[in-house]
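Taken from TrEMBL as is:
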- B:12-27: transmembrane segment (TRANSMEM)
- B:33-50: transmembrane segment (TRANSMEM)
- B:62-81: transmembrane segment (TRANSMEM)
- B:87-105: transmembrane segment (TRANSMEM)
- B:112-129: transmembrane segment (TRANSMEM)
- B:161-181: transmembrane segment (TRANSMEM)
- B:208-230: transmembrane segment (TRANSMEM)
- B:250-273: transmembrane segment (TRANSMEM)
- B:285-305: transmembrane segment (TRANSMEM)
């Protein structure tokens, strides 16, 4: 069996005595598609924020591709090959969709500022074909701020996918999206990510979405991992049904 | 919707500015001098505008205007170095060195704290200069006539030469700023203003970008100060007083962030207005200025759109 | 001897700085407006006071009543101008970015500065009588103006009064509620608009009082507000924007920094205050008494 792409060992985060995450040890193999479930306050977002460097863990270790990335900042984790999208889409509202993608390209490739002209025909081609893959071509010249929330989230995910990151974390990709659009949303987001060979972790509340798109589930409860494994097994787990799924249908 | 990252037309604007500079050469001498000082100051306003692209308002850009001016003044009046080939690089270098050092500190700050701290450092220099008797305290000191790459123009030709020098350097400054905005570091300034956290998650450091823009603005402002000193033949601490910096902010605000030539042109407009306003109503100039500023803020929110709608995601 | 001089000068200067700065910090604390026009309100206070005293003395009324006149003129001038500016300009712009509001008040500063020039002309006004009225006392052989002592007293009264008002009166407590959370306060039925108007007027009155108290010590002349505003900025930034105890500490820091420099190294007099400000900001970016606000994603 090959080494995991990503692993956390005994990850812990406390905020002035309040434990937000505790003893999180997870191994993720390359190519897996993992759903993270749990009620609000279960520690899911804290976990994502630690992994991507927004929060520094109080204890524990994060390994990515064999390297210790504990304590790196968001820029460094992004450069290492971990990207994320956000529960509330984080886009550059005044720029067009294409410009948003160009900024994502420039930021990822010129990690340090460079003196070369940033917007080249090649980059515009790359940005356009990426928009194509995510089905956003038609709105390439629309300012991102005028897009509906669902489309904005798609753009957010497309930006996270720029530069073919090895690991992509999607923070509630279907929240704020109407019930009948959720599957379409996931289809357009997951397919191009899969095609690029990215390993995907996504936070999700809708168990139908989880069943359809995940091949493994990690359930969080009160800052720690309650269950981790095969979708069918975890979702039928008695504790998960009681503490996680019961709450999440609210 | 105006594309924020498209500067293809800016080369055209710079060409228009170049044409105006040439036309200016044949204008009456008082008007030509007005253009000359406006261009020098406009370079500083351009520095303020670049920072505004990143959502940062420098309320102390006079610092580098003054550093550039005093670098030229000290070399020419105290050290006997009077050739522009050395004076202007010295002005730019002095501003760059101070800009790099201060930039390390300032790049950590945003919003009102950036404005306050830039103001504080500019006032520190002011406080030092007004007490420096050997530099003429509040009166400053005069600068001898300069030479141009070894050539010393006679008295009558001096204004022609300094005008040409200012025109060439300011145009070069605009082209430099344009190249910077087209580069990765410049193109991402808008993204810094709009959503810094997103930008770092995409793999770049907003702090480094702010550091760079501060240094670039410092160099432009230092050059502007050096040119202003050569043009007027005089420097004084007023150059780093907060009201001078306030004027640069005013012009940058008026000009908007759209084009690199806008601050230069806006500065000329301002100086022209001032000339006539001071004739008609000498005690109402600031009143006019303030009212215009309020009008821009209230009635032209598009020009300020970016600052207003920032970070409301 | 030098030490006594530093202590007394520092005390005077700190008290004056506090008077000048406290209105600024109050307005920022409640309204999130860094008010550059504060300097103009200070100038207006000084001018109105000088004019009022001029009229008073020429009417030949008893000299002691002049102090009442000073207070009254500052109060009325500050209140009227403050309410007017708040109603006509600021109210239309609430909710704008903080940096935009700085530019708005900068514009107001420019406008008011010229309004002062147009109203009072460009000559200087001198009203030294109140300053000379009480004479001086001696510490060792250092003369100390009793008037300066009164300014120290005024600063203490203003500070305690403001504290009492903010912490012990109904309106003051409502005001702190607005500071804590504008929306919640509004939802609870607090009239935020009225609170804002009142806060701004009180801040303006404080600036005018500072100007009036200073008028007998200086030549009241165009441009007196320009330097004052920068000093007041330094004080509130050192203490932490929006904090009243911060303004006390900031005024003492800046006041004594200057006093020490005046007596020990006069060439660094002005430099000292801004240097203290820069050092404090470099170490504690949000000032000594303010908490940093994080951003949630």
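Note that Cβ sites are derived from N, Cα and C of the backbone, with glycine treated the same way.
In terms of C-beta pairs under 8 Å, the stretch of B:12-27, B:33-50, B:112-129, B:161-181, B:208-230 lying closest in packing to the transmembrane segment (B:250-273) is B:33-50.
Only pairs six or more apart in sequence are counted, and the transmembrane segment (B:161-181) with the transmembrane segment (B:12-27) gives three or more Cβ pairs under 8 Å, enough to call it a contact.
When Cβ-Cβ distances below 8 Å are used as the criterion, the transmembrane segment (B:208-230) is approached by residues 37, 39-44, 46-48, 50-51, 53-54, 56, 58, 61, 63-73, 84, 87-88, 90-96, 98-100, 102-104, 106-107, 143, 146, 162, 165-166, 169-170, 173, 176-177, 180, 185-186, 188-189, 192, 239 of the same chain, each at least six residues removed from its ends. If one looks beyond the transmembrane segment (B:112-129) by at least 6 residues along the same chain, the residues whose Cβ comes under 8 Å of a Cβ in the stretch are 56-63, 66-67, 70, 102, 105-106, 135, 137, 140, 237, 240-242, 245.
Long-range neighbours of the transmembrane segment (B:87-105) within the same chain, counting only residues 6 or more positions beyond its ends whose Cβ lies under 8 Å from a Cβ of the stretch, are 63-64, 67-69, 71-72, 75-76, 81, 117, 121, 146, 169, 210-211, 214-215, 217-219, 221-223, 225-227, 229-230.
With a cut-off of 8 Å between Cβ atoms, the residues of this chain six or more beyond the transmembrane segment (B:33-50) that come close are 21, 24, 27, 57-58, 61-62, 64-65, 159, 162-163, 166-167, 169-170, 173-174, 177, 180-181, 186, 189, 213, 216-218, 220-221, 223-225, 227-228, 231-232, 247-249, 251-252, 255-257, 260, 262-268, 270-272, 275.
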